Amino acid sequence: MIGKAFIILSLLNELPTPTAAQAAQGGALGKDVWLPLAKFTATAAKIPGRAAKLLQDRSAQIVNLMKLQVQADICLNKAASEVSALGWQALAVAIAADIGSLQSLQQQRSEEAIAAAAAAEFARGHAAEFFKVAAAVQSAANSGCLTTNNKGGAAGSVINGFSTLGTAEQPAIGATSTAHVGDDITAITTTGFSDLAATDGIRTDSLTADTNCVLFKGGSDGPLTTANFGQSIPFAGGYLTRNPTANTASSADGTDFVSNPEDSKIAGIKVYRDAHAAAAKIRTAATFGSTFTDFKKLDQAKKSVHLRAAVKNIILGKPDGSVDDLSGEIDTKINQVFGEDQETFHSRFWDQLTKVKVEKAASGQEETTLDAITSFAALSRARTYYSTKVIKGLRDKISSLEIKNSKTEVKVTDADCNKHQSKDKCAAPCKWNENTTDINKKCSLDPVKATEQQAAQTAGAGEGAAGTTTDKCKDKKKDDCKSPDCKWEGETCKDSSILLNKQFALMVSAAFVALLF
C-alpha cells in the first residue's frame, strides 16, 4: 500500500499546475498605479474655483463692511447720548480700519489666487494629457495601455475612457472650471498633495499581463524598436516616469515637498512642487486671510485689534498708550459701553438700525428705517445729508457765538479814562500823565496798550486766555465781579471776554472733529 501511494504522489507532482497572472512587458498600467494621479487631477481641478470663491468672499466682506461703516456714521450723527455717540464713533473707526487692511492686501491676494489657479492647471494639464494618450491607444478589451485591474493582474478590463468609472476614480481631464468651491480643499496639506502618494513610476512590475501595449515597454521592443530609449520618459509631469531599464523604479512622492526639498523623490516632479507652493497659499480660508471680523458679534468685535485701538484712542482718550499695556482698561470700557453679552450689545447698537428713521430727503428713497436701505449709494447719500446737517448746526452756533462775543467785548475809550481822577484808579489801557495842563485829562487812553488789549480779546490770547484772571478782574470780590467786564467763575473773578473766546475755541474744535468723521 505504501508503495502504491508513493507512485500516485509522484505522478501528481508531474502534472502541470495553473500559474497566477504576472506583470509583463506589454502589459497595461494597473489602476492602483494611475489612480493617485487621477485623484490629484480632481483636486487640482477645484483650485481655480476655490480661488475665485475666496476672492469673491473678500470683495463681499469689503462691501459689507463699507455698508456697516456708513450705518454707524449715520447712527453717530443721530446718537441720543454721548456714550452712544462714542460707541458708534469707535465702531465706525474700527470698521474703516478693517476695510483699509483688507483693501491694502487685495492686490496681493488676487495675485496669489491667480498664481494658485495657474500652477494647478499647469500640473493638471500634464496629467490630463497622459490619461488622454494612454486611453486613446486601446483597441479591444484585451489590447490597450490602461486597465481597471491592478498591477500584476490578468490581462483584460482595458479602458479607452473614464465615464464608466466611479466618481472617485475618474480623472478630471476637462476644461478649466471657475465654478465656486465653498469648502477648503483638504487634499492640499501643509507639505504637499495627499493624493500624490509615493510611487515607483512605470516599470514592468507596474503592469498587468500582456495587453499588447508598447507605450510603457522599457526594452528594445518598446517605443524605440531597434534599441532601448536613451533616458527616462517623464510621463505625467514626471510622476509616472518610465526608466529605460525594464524593471527599474523611478521613485516619486508628492505628499511632502517641505521636509527634505532636495529629496530625489521630488527632483523629477517639480511641476507638482511648484503647484503646491502656490496652492498652499489658498489651502484654507484662514491661510488666505479670508476669515473676517463680524462686528455685529460681540465676541468677535471685542477681539478686533482695530476696535480695541479705537476704544483706547476715542473712548479712553489715551492715544499715546499701548493697546497691550491698557488691555484691562480697554476690556472694562468695552463692557461699559457695548455691554457684556450679545443681547445687550445688539440692544444698544445694532438693533437701533431698525429704529433710526431715514427720511426721503436724506436717502432719496421713501422714508424707512436704516436697516431697510440696501443700496450703498442711498446709504452714502444719507450719511452726507446728516453729516452736512450736523456741521451746519455747528457753524450756526459758532456764528452766533462770534456775534455774541463781538457784542460783549469791552472797548475802552479816551472819555472812559478821563473819568478817573486819581492815579490809583487809572488802570490799563489808561495811562496817568501828571504833567498834563488839563486837570480833567490826567488819565487818558494809552493807544499802544489799547491796541494790545483789543488784539488779545479778539484772538482769545494774552494773559488769561487759558482761563486765568486778568489785572482788571483778578482782585475783585464776588460782589464786585460784574459784567460786562468780569464774570465770577469758580473761586475767582475772570475777564468775561476771555471766557467767551474760550467757548468759541471749543466750538471750533468740535466742528473740526465733526468734519473728520
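Note: Cβ is positioned from N, Cα and C throughout, glycine not excepted.
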Listed range which Swiss-Prot flags as region 'Disordered', given the options 420-453, 454-487: 454-487
Alpha-carbon distance [ASN435 (N-linked glycosylation site); CYS443 (disulfide bond)] in Å: 11
Alpha-carbon distance [CYS426 (disulfide bond); ASN435 (N-linked glycosylation site)] in Å: 15
DSSP three-state assignment for ASN435 (N-linked glycosylation site): coil
Assigned conformation of CYS426 (disulfide bond) - DSSP reduced to three states: coil
Mapped DSSP class for CYS443 (disulfide bond), helix or strand or coil: strand
